[in-house]
Amino acid sequence: MASVSVTPPVSCHYRHNQPPPTYSTKRSHNSIPPPKAPLPFSTAQTQKPTNSLQLQQPFLQHITNLCESGNLPEALAFLQNDSQNVSVSAPERKDAIGVLLQVCGRHKDIEIGRKVHHMILELTQFRNDFVLNTRLITMYSLCGSPLDSRSVFDGLERNNLFMWNALVSAYARNELYHDAVKTFVGLVSETEFQPDSFTLPCVIKACSGLLDVGLGREVHGMAVKMALVSDVFVGNALVGMYGKCGFLEDAVRVFEKMPERNLVSWNSMIRGFSENGLCIESYGLLREILVVGLLPDDATVVTLLPVCAAEGDIDMGIAIHALVVKLGLSEELMVSNALMDMYAKCGYLSDAVFLFGKNNNRNVVTWNSMIGGFSREGDVSGTFDLLRRMQMEEDENVKVNEVTILNVLPACLEEDELVSLKEIHGYSFKHGFHDDELVANAFVSAYTKCGSLHYAQHVFFGIEKKTVSSFNALIGRLAQNGDPRMALDFYFEMKDSGLDPDCFSIGSLFLACAHLKLLRYGKQIHACVLRNGLERDSFIAISLISLYIHCGKIFSACELFYRMEGKSLVCWNTMLSGYSQLGLPDEALHLFREMISDGVRPYEIAITSVFEACSQLSALRLGKELHCFALKANLVDDMFVECSVLDMYAKSGCMEQAQTVFDNLKDKDLALWNVVIAGYGIGNANKVLELFEEMQRLGLKPDGFTFIGILMACNHVGMVSVGLKYLNEMQGLYRIEPKLEHYACAVDMLG
């Protein structure tokens, strides 16, 4: 088997911020070479292996046929029928029982399995049989009952290595990792058996589940001493363990030294890279799989597609989709679900809907992915329509679960969705989903988003065992768009309850201090952050920058910004908005140029801040260039960008261009009308009044900003009586209470 060139870094434990390992490749990461092996175009990649037992006996053959057809009750009845089994030899009967136990495990039919177990206990010659009892241990573990596996193991007078292995595997399979390790220690310390190439992968899996890389290294050392490290199954387990624990350098080293690699080896390495956010390296491994002549399977694909989804890499996602079609994997449910989820998360919801419509074998994951896609897009009606359809089609494979609820809740963002949110909450409570910590926390967050602090607190206080996440759900929302002072109160309550705040808690605390302009207290927390080495956390750093901006300390914000490594888009946006808010347009434009030079693609928030800077400087030429940039980047469909473009032209005195932009807008909300009215307010009162009348004909109700524009227009051309008329109508006809700005305009008119 050809090996590949992998250059490990100094360290790959990502807590220490070392550079990631690179996977050498000369190809573009979006190109996938054709596989060396011929591609099958059937829905199955390879033919299923035939049963290893070449069955000649009619009795055993009949049992096997019944098992393969899924008719386990009849197989059991046939096995128990003494009149038909008189001539059956003990070895033949033993083989038949073994076949039935295997299929019970595969079908997770524990009821039939228990009956077979009872039958074994009644047949004295099989009661202590190693093979059948090993099969029993495995059957119970596959059915999700490791306690029964342990009961079988403890009920035997003697055990062999196969039974120890089966028990370690049972615990690891059912995620009882501590029990798996404890059993392994018992095997090594209490028996004379030597762990083999089946034992070690099971205990390595347990180390992986516990994220205990220290114990994993000890098992690795044992494998080296026992000359088992070259075994492909042991190697695969080690690669997977090191990758999951974040030690990719060790994973790469084990992978490169493996004398034999199978597809599982490559998949384990891909999973390690993908779980640690190294998408380019993951893609490189996919290309190498094809180069060495292997064919990716469904496990390869479902590992890579979430990487595309997380990175928003639709080009690579489409390339993998094409490969899936060539490999004949399209009909695999896991693959279909992963493709649908990738398209939805990359913003290609119509493609996800197309795949959803083609899928006739939907399970709960299918529905949850589709509901999540609509919810993330903010399509409330589409989200709830899918939920209702899912409930109508409920069966054993499709049942609303906790993940469904978690996917629906992000759609409930506005006060208008409060009724729907309460309905979901009632449904969740009725079906017992509310006991799940994640679901309860999500409801707290959803109620605060919908502006219902009362219900959010009601849910919060109903959580029996509150965790840091429970407090964060409330503190975070209160700090960002609720009641920052109450956020501080809950923060102190969390500390008083003995819980240690995490990075999100501290970041939320900074946001609360920012809104309340509590600079002194914010600095005290900043000092605590520095002492504990938390300043590198992205959320904390951005929250700190926001604190200093809100408190007018732009130099402190700049210092923090330029000390940050690997600045995210949110970080750039925060700093740009800060410059604009504090009336520093030159600095905002300079930072925007830096952002472009660093290869960071600006989105709506950044563009809006820069348009605001152009407005403050009346920089019409630069504003026009930025408008062209926004058009090419398809950013002008955003309401805030549209409003900022219009405002820039209006404040630059270019009302002809502003009117053109306004006329080309499809959906004009009140904010856009107010901007264009304010723009004409400097010298063209007749146009302002004309726009005001047109706005009312379209059914839009004016607000206080609308009347500021009207009063300013009347003031500029000396239309005192008209201005006073609108001031009176504002209060009497439109029920809008005049503010200081309105009276200031009136005084200016009269003066």
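From the backbone N, Cα and C atoms, a Cβ is placed for every residue, glycine too.
Taken from TrEMBL, the feature region 'Disordered' applies to 1-51.
Here TrEMBL flags 42-51 as compositional bias 'Polar residues'.
Residues annotated as repeat 'PPR' in TrEMBL: 160-195 (among others). A mean pLDDT of 95 is what the model gives for the repeat 'PPR' (160-195).
The residues of the repeat 'PPR' (231-265), classed with DSSP into helix (H, G, I), strand (E, B) and coil, number 26 helix, 1 strand, 8 coil. If you look up TrEMBL, you'll see 231-265 (among others) marked as repeat 'PPR'.
Look at TrEMBL and you will find 363-393 (among others) tagged as repeat 'PPR'. Distant neighbours of the repeat 'PPR' (363-393): 333, 336-337, 340-341, 343-345, 347, 349, 352-353, 356, 399-401, 403-404, 407-413, 417, 420; these residues of the same chain sit at least 6 beyond its ends, with a Cβ under 8 Å from one of its Cβ atoms.
Outside the repeat 'PPR' (467-501) by six or more residues, the chain places 437-438, 440-442, 444-445, 448-449, 453, 456-457, 460, 508-509, 511-513, 515-516 with a CB less than 8 A from a CB of the stretch. According to TrEMBL, the feature repeat 'PPR' maps to 467-501 (among others).
If you look at the repeat 'PPR' (568-602), the same-chain residues 6 or more away from its ends with a CB under 8 A from one of its CBs are 538, 541-542, 545-546, 549, 552, 554, 557-558, 561, 609-610, 612-614, 616-617, 619, 622, 633. Under the heading repeat 'PPR', TrEMBL lists 568-602 (among others).
Annotation source TrEMBL lists repeat 'PPR' at 669-702 (among others).
For the transmembrane segment (705-727), same-chain residues at least 6 beyond its ends with a Cβ under 8 Å from one of its own Cβ atoms are 670, 673-674, 677-678, 680-685, 688-689, 692, 695, 736, 738, 741-742, 745-746, 748-750. Residues or ranges marked as transmembrane segment in TrEMBL: 705-727.
A Cβ distance under 8 Å defines the sequence-distant neighbours of the repeat 'PPR' (669-702), meaning residues of its chain 6+ beyond its ends; these are 639, 642-643, 646-647, 649-651, 653, 655, 658-659, 662, 708-710, 712-714, 716-717, 719, 722, 734, 736. Outside the repeat 'PPR' (160-195) by six or more residues, the chain places 130-131, 133-134, 137-138, 140-142, 144, 146, 149-150, 153, 202-203, 205-207, 209-210, 215, 222, 226 with a CB less than 8 A from a CB of the stretch.
Residue counts for the repeat 'PPR' (363-393) under DSSP (helix as H, G, I; strand as E, B; rest coil) come to 26 helix, 0 strand, 5 coil.
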